[in-house]
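*Asks:* Just passing along the structure, written as structure tokens.
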Amino acid sequence: MDYSPVVPEKSTGPQSAYVELSQLRTPQPSERADAARNRAAIVEAAARLFAEHGVDAVSMDAIAAAAGVGKGTLFRRFGDKSGLANALLDTRERELQQRILSGEPPLGPGAPPGERLEAFTVAYLDYLLPHVELVRMSETASPGARYRIGAYRFWHRHVAILLTEMREFPDPEVGAHVILAPMAAELVAVTARELGTRRVRDGVIELVRRVLRDETRERS
């Protein structure tokens, strides 16, 4: 994931808003062939060990040994386990972002904004729940890390654009944070262990539906 700040050009209107959104996509890694092979070996080893033992139980030493690389190489490339979590999530993030930008409605363009927002909630939870421990590690790597991650900025901007198009929320930027709050990985991980994955998924989706219905009713 990209932690560097993204400063899009100022623009107005729905079309220009999505041009701005496209600039927030998770970038493809650019590297030499040998570096790409090392990266792929490390990411594959990490994914296997995380799946077998859980994220918290796997050490960086174990990942380096499984990938056949030195510990120095591993730390230079990824820094720590949160960096590895980011790398494992990159491809999945890009896939979801592309579906939002140019996929079939209602997740992609062409559906009413309320329907798109509900479809995004479903799609995001389906991305999050199988990888919740990786996302949790990424989002809690440091205080406020969730809100600095490039992927979060993409999700937030997308939701804010939809709320702006709905013309129901007085402050779409704040509203987007509110919509995304119950999908924080730390919260989802804890509640899914306590209440079950299906119950949490259904509860968050219903919450978003009710927020949209209530806001529309109040403004009508």
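Residue 1 is the first one shown; counting continues down the chain.
Each residue, glycine too, has its Cβ placed from N, Cα and C.
Pasting the feature list from TrEMBL:
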| type | residues | note |
| --- | --- | --- |
| DOMAIN | 36-96 | domain 'HTH tetR-type' |
| DNA_BIND | 59-78 | DNA-binding region |
*Asks:* Take the DNA-binding region (59-78) and find every residue of the same chain, 6 or more past its ends, with a Cβ under 8 Å from one of its Cβ atoms.
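*Replies:* For the DNA-binding region (59-78), the nonlocal Cβ contacts are 38-39, 41-42, 44-46, 48-49, 84, 86-87.
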*Asks:* Per DSSP, how many helix, strand and coil residues does the DNA-binding region (59-78) have?
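*Replies:* Breakdown, helix to coil: 16 helix, 0 strand, 4 coil.
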